[in-house]
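*Asks:* Have a look at this one.
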Amino acid sequence: CHLIHYLKLSHHLIVLNYLICTFDKLKSVSSEDIKITDAVFDGVEVRVFEPPAQRDERLKRSVVYIHGGGWALASARTSLYNNLCRIMAESLNAVVVSVEYRLVPEVCFPEQFHDALRATKHFLQPDVLAEYSVDPSRIAISGDSAGGNLAAAVCQQLSKDEHLTIRPKLQALIYPVLQAFDFNTPSYQQNMNMPVLPRYVMINYWIDYFNGNYDLAHSLLINNHTALDVSQALSFRGRLNWTSLLPSSFKKNYKPVIQTTGKAEIIQEIPALLDVRAVPLLAENETLQLQPKTYILTCENDVLRDDGVMYAKRLENAGVEVTLDHFDDCFHGCMIFTIWPTDFSAGIQTRNSYIKWLDENL
């Protein structure tokens, strides 16, 4: 993929996504009794999963789901996410709306955020909810990895929208990516070479999302963009101090990496590094206080573990009821791996725990 990109035949993410979708076509997942339809919500493609109507049934609950893939890969239509959303619809007897936001490199930030926000706001309209027989008071917004990032950012935006009459009851974030401020949190240091999502790959996803230059990767890795002399970052530093936000069991013996002098021009070139629509963990406390009851799933073998744990702590400090569901023996992305040949026990374990929480709280 990178060779093709180097030769300027195509972007490597386009090639990688093509390979993923080609392999995915080899799989076949039964939809059983769930009605699956594709629709367009305010210009954004979505896939809707509807369980069969039952006699004398009340309005159904619902989940808006945003898939992961580094803002660049996968699809609501791939079998992995199709299977997850189908099982959610069956297990919860809920209408699941899976958002097919546009991907890097076709578009970059903030378009993915705008797509997810537009689709969600469209669904939250009373007449649309009525069309799908959804209870307006029982809606969750959820997503995994980059989808968890979008779900958290959308939820924050919805909470501040004074014109909105219906808001999500819950948010459920699966190993979400929530910040690009510090690439040396304990989990980034501990899992820097962990398969599936090593640190350099996550940094490259951020660069792609922001349409930045790969030449900045090393400076980002050593936190040059948030050095003490970078004035734009100063006001955010207290919101992401992992020495106070993480329990000692996660901090272990790792030390903060804080540069005295750095490169302020990085923030000037990529201001989105400090944009809360891209990095929800940096939101102010006044916004966090408005968030709904929250579930955050984290995995020990994941560079993003501390993103989720810090967000849980900040929400908790802001007065939000939070469930932090941590798995010591699991890895990033595991929840969607439940279909042969990648049917892992970690996937079943995390998926069941996630659906159980939704069932008990939605």
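Quick reminder: no glycine exception, Cβ is built from N, Cα and C everywhere.
A TrEMBL annotation is a machine prediction, not a hand-curated record.
Quantities reported herein were computed from a predicted structural model and do not represent experimental measurements.
Copied straight from TrEMBL:
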ACT_SITE  Ser145  active site
ACT_SITE  Asp302  active site
ACT_SITE  His332  active site
DOMAIN    63-221  domain 'Alpha/beta hydrolase fold-3'
DOMAIN    275-335  domain 'Alpha/beta hydrolase fold-3'
*Asks:* What Cα-Cα separation, expressed in whole Å, is found between Asp302 (active site) and Ser145 (active site)?
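*Replies:* About 11 Å separate the Cα atoms of these two residues.
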*Asks:* Counting across all protein chains shown, how many other Cβ atoms sit within 10 Å of the Cβ of Ser145 (active site)?
*Replies:* 29
*Asks:* Cα distance, Ser145 (active site) to His332 (active site), nearest Å?
*Replies:* 8
*Asks:* Kindly state the mean pLDDT of the domain 'Alpha/beta hydrolase fold-3' (275-335) in the predicted structure.
*Replies:* 97
*Asks:* Using a 10 Å radius around its CB, how many other CB atoms surround Asp302 (active site)?
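*Replies:* The Cβ of Asp302 (active site) has 27 Cβ neighbours within 10 Å.
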*Asks:* Across all chains shown, how many C-beta atoms besides its own are within 10 angstroms of the C-beta of His332 (active site)?
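*Replies:* Taking all protein chains shown, His332 (active site) has 25 Cβ neighbours within 10 Å.
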